[in-house]
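Have a look at the structure below, then the notes.
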Amino acid sequence: MSPQTETKASVGFKAGVKDYKLTYYTPEYETKDTDILAAFRVTPQLGVPPEEAGAAVAAESSTGTWTTVWTDGLTSLDRYKGRCYHIEPVPGDPDQYICYVAYPLDLFEEGSVTNMFTSIVGNVFGFKALRALRLEDLRIPPAYVKTFQGPPHGIQVERDKLNKYGRPLLGCTIKPKLGLSAKNYGRACYECLRGGLDFTKDDENVNSQPFMRWRDRFVFCAEAIYKAQAETGEIKGHYLNATAGTCEEMIKRAVFAKELGVPIVMHDYLTGGFTANTTLSHYCRDNGLLLHIHRAMHAVIDRQKNHGMHFRVLAKALRMSGGDHIHSGTVVGKLEGEREITLGFVDLLRDDFIEKDRSRGIFFTQDWVSMPGVIPVASGGIHVWHMPALTEIFGDDSVLQFGGGTLGHPWGNAPGAAANRVALEACVQARNEGRDLAREGNEIIKAACKWSAELAAACEIWKEIKFDTFKAMDTL
């Protein structure tokens, strides 16, 4: 099929094209603790053997090119090349294979997710010999993890800053996401925070548009935060989206947020880019700001089962680049998210050490060597009837975010927020008493309705709303 290179200068230069597998398929290779390991789902073109396809991925994402070049003799390819060291068929699909590739750590710049992805998921994804290619998982070695700052603060520091423990946090995305004036936007934030939510949020595409410039929004939202805090005695926050067209403008917005004294800012990390995200994360740690991350554009990359990159890889990359929250799907809402897969990458976000578990899509054991964790955010098509399931699935270290499920309440924003707070506290109390939320959830919510008119009204309006018509695209 395609190229390859001799690995030792002593062999001498011999021009021509060789099969990749002659050099890059090494089933005898024993992986090192310092290697970055990748699991690719490979769909070769007809007639291309899986060994050649896996070797091609290893070559084109590391040191290889389409033909032998004389400059190979000026370095040690054995030291720097990627190696396809194991291939296994995908059960139920004879045309697909999981190819495992090991990359020497020296191929990557320290502390740069940008450089890591440029190599591993760069040009190789357009390679003609492959019909499709998907990066399913990465093992990041501790030696490389330690070159990253990671989240600005992490789960425990955030709880200490907010003085909130023993329950999930509650949020709300302000709707309509576009079109409100800054003052009306701030009013909606205030009503939600006063009603019992911990956070309100800019939607991902709220930046600085003609109908609402960023500085005006920041000021009115800060006013809403301080007024709600004074009335409730609780610390409140609003995710002020600092995403901008340049890194300089992004940091300017974060600086203004800090000057206002608010606790948290936000970034769209995929559309904004990993370099921008890491820059903002470093600023947030240095200046005491929490950082909420939205994953806008992720489904372009991760939704197709045979091509792209799984979200668990994007989640690991975010933990390295830096963020205190990230949207992770809901399992029960309107957006894509199969339960076991979601729980797999939720653990990768929060826990310090995660064992290999193929039943949840985790291909490698991952040791984060005490890097702070990231709080998963469940958001998208959820309402009070989902509260028992969300509490059971995500546990305490999560943010449950109800946009339409707050602002769509028949009595208004503050009653909508109150309904969510009552439902959450009822579920947490029931769980702490040993009740089974999965089995008794509806009864728990109905019982709470007896002493909360706001919750009763919310339950009535959304009693028929479900999003289980469509099956998840990405399954194990």
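Backbone N, Cα and C atoms are what each Cβ position is placed from, and that goes for glycine too.
Just one of Arg83, Arg213, Arg215, Arg295 is listed by Swiss-Prot for the same substrate site as Asn123, Thr173, Lys177, His327, Ser379, and that one is Arg295. For Lys201 (Mg(2+) binding site), the number of other Cβ atoms no farther than 10 Å from its own Cβ, over all displayed protein chains, is 29. The Cβ of Thr173 (substrate binding site) lies under 8 Å from the Cβ of Thr200, Lys201, Asp202, Asp203, Ser379, Gln401, Gly403, each of which sits 6+ residues away along the same chain. A 10 Å cutoff on Cβ-Cβ distances gives Asn123 (substrate binding site) a total of 10 other Cβ atoms nearby, all chains included. Sequence-distant neighbours of His294 (active site, proton acceptor) (same chain, six or more apart, CB under 8 Å from its CB) are Glu204, Asn241, Met266, His267, Asp268, Tyr269, Ile326, His327, listed in sequence order.
Apart from the site residues Lys201, Asp203, Glu204, the chain places the Cβ of Thr173, Ile174, Lys177, Asp202, Asn205, Val206, Tyr239, Asn241, Met266, His294 no farther than 8 Å from the centroid of the site's Cβ atoms, the recorded Mg(2+) location. Neighbour list (Lys177 (substrate binding site), Cβ cut-off 8 Å, at least 6 residues apart, same chain): Asp203, Asn205, Val206.
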